[in-house]
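Heads up: the structure comes next, in structure tokens.
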Amino acid sequence: MKTIEDLGDLRGKRVLVRSDFNVPLDGTTITDDGRIRAALPTLEALLDQGARVVVTAHLGRPKGAPEAKYSLAPVAARLGELLGREVALADDLVGDSAKATVAALQDGQVALLENVRFDARETSKDDAERGALADELAALADAFVSDGFGVVHRKQASVYDVAQRLPHAAGTLVLAEVEALRKAVEDPERPYVVVLGGAKVSDKLGVIGNLLTKADKLLIGGGMMFTFLKAQGHEVGSSLLEEDQVETVKGYLAQAQESGVEIVLPVDTLVAPEFGSDDFEVVAVDAIPAGTMGLDIGPRSAALFAEAILGARTIAWNGPMGVFERPAYAEGTKAVAQALVDTEGFSIVGGGDSAAAVRLLGFDEAGFGHISTGGGASLELLEGKTLPGIAVLED
Ligand SMILES: Nc1ncnc2c1ncn2[C@@H]1O[C@H](COP(=O)(O)OP(=O)(O)O)[C@@H](O)[C@H]1O
Ligand SMILES: O=C(OP(=O)(O)O)[C@H](O)COP(=O)(O)O
């Protein structure tokens, strides 16, 4: 991959940077700014050279139209504080406001475009639609730097198509992530254990087929566990469930058995009648009461998972074990994080929320082998897949 240095002298040049600023928010308060901090080295390197930096990023999953709760305004403010410079926020992505904001930039100044997913073309499956948006984005800049590692697994206009239209390079975050993760991908020390959880169940179920050919053990917690429990014939109440994936998961369970890979599922879970309720209890996974939802793995499961992690030489973890944002449902995630710190194996934590969980629960980042800013992206790299946002930079 080309680096920023390969782009030559960037003084006075308009450089479009794709960052991943998909940070956890409580209203308009950023609860963990790790992804913004991770973007700073590239932005500072460009600004120090006198480039005019235009940043594009997404927040959440808006449905292709502006929605106030997904505005990047809190991110612009935090980025300005961290850079120690004013960050102009355009009201739109490629409209009059964006054009005027970019035109007003002086050398060494930075602007942020409003949420790229407010434009439905960003995530379109249609090449021509994405291409039309990429043309408009490319018209705002002289060069493109891809540094949003958390989105390089997405074939989206601001990640993939725009790179085909401008001289391009990988930013320092993308380079560092790929280097750190490639080591684990190519020759993981064994036993190699992968821990999966979180809420993006349909996305992440897709990686399991390939992981079953790589890992020795898969530990499944978080929102993902209920589709597995259902596939085993258990009732899961009102827990997060991908009903249409139950058959696929049955296939994974059979595949694992044939190939000698162990899939470790929780034996107990913390349930409550509704999200946020303090009326919770721990039940066995074959006794989830109707009308309750599973919000964390239970203590027996946490001990089981910790034991597997402590016995491993390489551990990749993506996705919290429960709704860790509420202390009452954070114990499973804490236990897994603690085991990752205690193990003698090399540990990789991936994902916006998983990395945030580690910090918010008070763990020292130095206790982990690598904390990746990308969950889906790091998992797909670990699967051995070619990621569109990386491949396009290798051309
Ligand atoms: N049992 C569960 N039910 C619903 N949501 C859950 C459950 N367990 C974890 N989560 C949620 O998963 C979210 C993180 O998922 P995800 O985005 O997949 O992880 P990451 O960003 O680390 O890749 C957290 O906000 C957490 O509250
Ligand atoms: O948060 C992200 O990914 P992650 O939850 O897999 O770490 C990225 O910003 C990608 O977001 P997306 O999964 O909505 O494309």
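Cβ coordinates come from backbone N, Cα and C, glycine included.
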Among K183, K204, K214 - the residue TrEMBL places in the same ATP site as G294, E325, G351, G352, D353, S354:
K204
From R35, R37, R130, grab the residue that TrEMBL records in the same substrate site as D20, F21, N22, H58, L59, G60, R61, R117, R154.
R35
When you put D20 (substrate binding site) at the centre and draw a 10 Å sphere around its Cα, which of the binding-site residues G294, E325, G351 have their Cα inside it?
none
Report, in whole Å, the straight Cα-to-Cα distance of G351 (ATP binding site) from N22 (substrate binding site).
10
Between G352 (ATP binding site) and R117 (substrate binding site), find the distance joining the two CA atoms and give it rounded to the nearest Å.
17
Determine the binding-site residues, out of R117, K204, G351, G352, lying near ligand 2 in the sense that the CB is under 6 Å from one of its atoms, and give them in sequence order.
G351, G352
Can you give me the same-chain residues 6 or more apart in sequence from H58 (substrate binding site) with a CB-CB distance under 8 Å?
D20, F21, N22, N115, V116, R117, E122, V151, S158
